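**Student:** Following this message is one structure expressed as structure tokens.
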């Protein structure tokens with residue numbers, strides 16, 4: 001029924017899990033304030049502001065564009081109502097590198113980049129009576145205008161900002177046509193935590209919950225099993241198929257060992273450093289292709305499982321396919337659909353709406369991975385999650401001390417030149433941020449705790465724990481609480497990237513250990529599945 005065969009599925013899922021864990025990027029949100037702070041220079045604010053610039057040409061309101069203030073000069077107001085609309089005048093000379101002959105009193109000076117330092121242009125414009133200086137960049141991006149070590153006596157008290165070539169050329173053209181140009185400039189602040197994180201929280205918790213209960217909900221009904229076992233016509237065949245199904249289910253799973261967990265995290269750190277130093281657009285594209293394959297496979301398995309559960313006869317018609325052998329027609333049709341979805345997202349991955357397809361593919365892949373990769377007991381879970389805990393904290397908080405910036409956040413952002421970014425993230429647009437952007441959470445922040453929660457769900461079912469005496473409801477609550485604390489930490493830390501596992505591991509593994517101690521079941525959880533049969537089990541004493 002499955003496509004590809006079980007052996008291929010195990011290999012593909014293992015590769016997908018490996019890549020995802022390696023790219024366990026920082027939680028919640030990526031902040032622009034990471035890295036070491038620059039030393040303060042007198043006359044420099046050491047804070048760049050993103051600026052919205054509204055313009056009027058002969059009284060007609062034009063399209064609003066963006067700019068960025070310099071590291072020196074006055075700060076612009078964050079409230080639009082406090083901003084002042086001022087006329088714009090071209091400087092003469094245009095580069096603003098020498099004494100100006102144009103009258104700038106109470107106006108915004110418009111100059112071009114080049115031939116002298118930014119600070120020199122600002123001092124010349126200020127001495128000419130300008131209320132602000134706007135520099136036209138020589139390319140379609142906003143470069144940082146920083147102070148230098150020579151600017152120790154700098155005294156610039158007017159706002160200085162840079163705009164892109166296209167925006168500046170349009171203003172310059174209107175002024176040269178003797179039109180009246182006016183600008184209103186303000187720097188709205190982004191909220192530290194956007195309310196759209198509530199939807200990201202729901203997606204993350206929902207993914208873990210669905211992955212945990214998936215095999216139980218989609219498995220064969222007990223009534224169907226009993227009917228097949230009691231069927232007199234095909235008893236031998238059905239029992240053979242039942243054994244085969246059980247064997248296939250066991251073959252589809254891959255237990256993570258303690259040694260494998262340690263090697264796993266060490267490999268993740270090595271791979272993360274390689275990505276940091278050698279990241280390129282072609283390598284990100286390769287990772288994106290792997291992501292598409294994993295997402296396509298996960299979506300295929302989910303759709304075919306749901307359809308065959310509702311309609312048992314739908315998957316009975318087979319066709320012989322090269323390389324795959326006999327495969328159901330349903331499986332082929334669903335595979336084609338998933339392939340079209342993955343290719344469509346790959347082609348449109350840089351668009352503003354691509355986040356939706358990325359989330360769908362990512363959730364499907366994570367659900368599928370959590371069905372294949374399993375933790376056998378709490379002992380392995382403790383080793384894996386503690387290693388991941390240290391991994392997350394080091395690469396978010398401590399790596400800037402060595403690499404001058406957070407390695408994990410830098411990798412999560414991807415390549416600025418090509419716009420390519422790592423797709424192993426759940427994303428949702430920032431709805432209350434005037435600058436847009438995305439709230440993000442790494443796949444690893446879902447998969448690592450998800451492995452533990454899936455194990456706990458199986459443990460509860462196999463030991464008939466029920467809802468009240470079970471561990472699963474407590475761990476779902478703990479996972480949700482851990483994510484909430486992540487965003488609370490993001491708020492308290494003023495937007496600095498937070499390692500979610502710092503909060504998720506204590507709220508999931510910690511709750512498991514505490515409950516196990518209270519209920520006196522920790523030893524069973526710790527060694528679950530490893531108890532060797534006793535002599536009485538192997539050679540039971542015959543009854544008299």
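Residue numbers in this text run from 1 along the chain shown.
Backbone N, Cα and C define each Cβ position, glycine as well.
Please treat TrEMBL annotations as automatic predictions, because they have not gone through curation.
Marked as domain 'PA' by TrEMBL: 85-171. The region 'Disordered' annotation in TrEMBL covers 221-247. Among the features that TrEMBL reports, signal peptide is placed at 1-32. Per TrEMBL, the feature transmembrane segment maps to 195-214, 256-276, 282-303, 323-347, 353-373, 380-398, 440-459, 471-494, 500-518.
Structural setting of the listed features?
**Tutor:** If you look at the transmembrane segment (195-214), the same-chain residues 6 or more away from its ends with a CB under 8 A from one of its CBs are 28-29, 359, 363, 366-367, 370-371, 426, 428-432, 439-441, 445-446, 449-450, 453-454, 456-457, 472, 476, 479-480, 483-484, 487.
Same-chain neighbours of the transmembrane segment (256-276): 18, 21-24, 283, 373-376, 379-380, 383-384, 387-388, 391, 394-395, 403, 407-408, 410-411, 451, counting only residues six or more beyond its ends whose CB sits under 8 Å from a CB of the stretch.
Here the transmembrane segment (471-494) has long-range neighbours at 27-29, 31, 33, 192-193, 197, 201, 204-205, 208-209, 212, 441, 449, 452-453, 456-457, 459-460, 465, 500, 502-508, 510-512, 515-516, meaning same-chain residues at least 6 beyond its ends whose C-beta is under 8 angstroms from one of its own.
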**Student:** When each of 282-303, 353-373, 440-459, 500-518 is checked against the transmembrane segment (380-398) for Cβ pairs under 8 Å, which one has the most?
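**Tutor:** Between the stretches 282-303, 353-373, 440-459, 500-518, 500-518 has the largest tally.
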**Student:** Average the per-residue pLDDT over the domain 'PA' (85-171) and send me the rounded value.
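**Tutor:** Taking every residue of the domain 'PA' (85-171) together, the mean pLDDT is 82.
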